[in-house]
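The domain 'EF-hand 1' annotation in Swiss-Prot covers 7-42. Taken from Swiss-Prot, the feature Ca(2+) 1 binding site applies to 20, 22, 24, 26, 31. Look at Swiss-Prot and you will find 43-78 tagged as domain 'EF-hand 2'. Per Swiss-Prot, Ca(2+) 2 binding site is recorded for 56, 58, 60, 67. Annotation source Swiss-Prot lists domain 'EF-hand 3' at 80-115. Among the features that Swiss-Prot reports, Ca(2+) 3 binding site is placed at 93, 95, 97, 104. Residues annotated as N6,N6,N6-trimethyllysine in Swiss-Prot: 115. Annotation comment: Swiss-Prot describes 116-151 as domain 'EF-hand 4', evidence class sequence analysis. Sequence annotations record features per position, and here Swiss-Prot assigns Ca(2+) 4 binding site to 129, 131, 133, 135, 140 based on sequence analysis.
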């Protein structure tokens with residue numbers, strides 16, 4: 001999507017991959033059910049179907065990455081994105097120390113099939129790192145994502 005930084009795309013892709021269990025680039029109803037249940041939620045079949053219909057804008061029965069991005073932008077715009085932001089941060093913060101380090105970012109990018117130089121990783125961190133400590137804390141992540149939401153929604 002236009003206006004997204006590399007960091008924002010990484011965060012969204014990582015979240016998408018959590019849902020896309022078989023790695024085919026699409027989220028099926030079954031994958032949506034599995035992930036929501038793994039988060040401790042127990043949606044009914046009707047609730048799952050409603051969620052799928054809300055996101056699956058082209059009606060083909062699966063959620064692709066663009067539809068997923070649209071959902072995230074909508075959720076953030078609706079003001080209920082705080083929980084989603086927290087979850088996305090936790091996905092990227094592999095060691096759960098409250099920071100996204102260059103090593104964690106490199107690991108995520110590698111898992112997404114992106115080979116990055118140390119300089120590219122450092123640049124991504126620098127763009128979001130407002131306090132200059134060399135890593136991204138949750139507050140910096142929230143600012144970065146809110147800025148992305150404004151760019152997405154215009």
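Yeah, the Cβs are placed from backbone N, Cα and C, and that goes for glycine too.
Annotated features taken from Swiss-Prot, shown on the structure.
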residue : record                : Cβ neighbours (10 Å)
20      : Ca(2+) 1 binding site : 21
26      : Ca(2+) 1 binding site : 19
31      : Ca(2+) 1 binding site : 18
56      : Ca(2+) 2 binding site : 19
58      : Ca(2+) 2 binding site : 10
95      : Ca(2+) 3 binding site : 10
97      : Ca(2+) 3 binding site : 11
104     : Ca(2+) 3 binding site : 20
129     : Ca(2+) 4 binding site : 19
140     : Ca(2+) 4 binding site : 21
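In the domain 'EF-hand 4' (116-151), the DSSP tally of helix, strand and coil residues is 25 helix, 2 strand, 9 coil.
The Cβ of residue 60 (Ca(2+) 2 binding site) has 10 neighbouring Cβ atoms from other residues within 10 Å, across all protein chains displayed. Note on proximity: among 24, 56, 58, 93, 115, the recorded positions of the record, the Cα nearest residue 133 (Ca(2+) 4 binding site) is that of 93. Under DSSP, residues within the domain 'EF-hand 2' (43-78) fall into helix, strand and coil as 24 helix, 2 strand, 10 coil. Sorting the recorded positions 67, 115, 131 by the number of other Cβ atoms within 10 Å puts 67 first.
Put simply, of the binding-site residues 24, 26, 56, 129, 135, the one whose Cα is nearest the Cα of residue 104 (Ca(2+) 3 binding site) is 135. Each of the binding-site residues 22, 135 was scored by the number of other CB atoms within 10 A of its CB, and the lowest score belongs to 22. Look at the Cβ of each of the binding-site residues 24, 93, 133 and count the other Cβ atoms within 10 Å; the largest number goes with 93. Ranking the recorded positions 95, 115, 129, 135 by the distance of their Cα atoms from the Cα of residue 67 (Ca(2+) 2 binding site) places 115 first. Those residues of the chain, other than 129, 131, 133, 135, 140, with a C-beta within 8 angstroms of the mean position of the Ca(2+) 4 site C-beta atoms are 99, 125, 128, 130, 132, 134, 136, 137. When the binding-site residues 60, 97, 131, 135 are ranked by how far their Cα is from the Cα of residue 24 (Ca(2+) 1 binding site), 60 comes first. Cα distances from residue 56 (Ca(2+) 2 binding site) to the binding-site residues 22, 26, 31, 131 are smallest for 26. Residue pair residue 20 (Ca(2+) 1 binding site) / residue 131 (Ca(2+) 4 binding site) shows a Cα separation of 34 Å.
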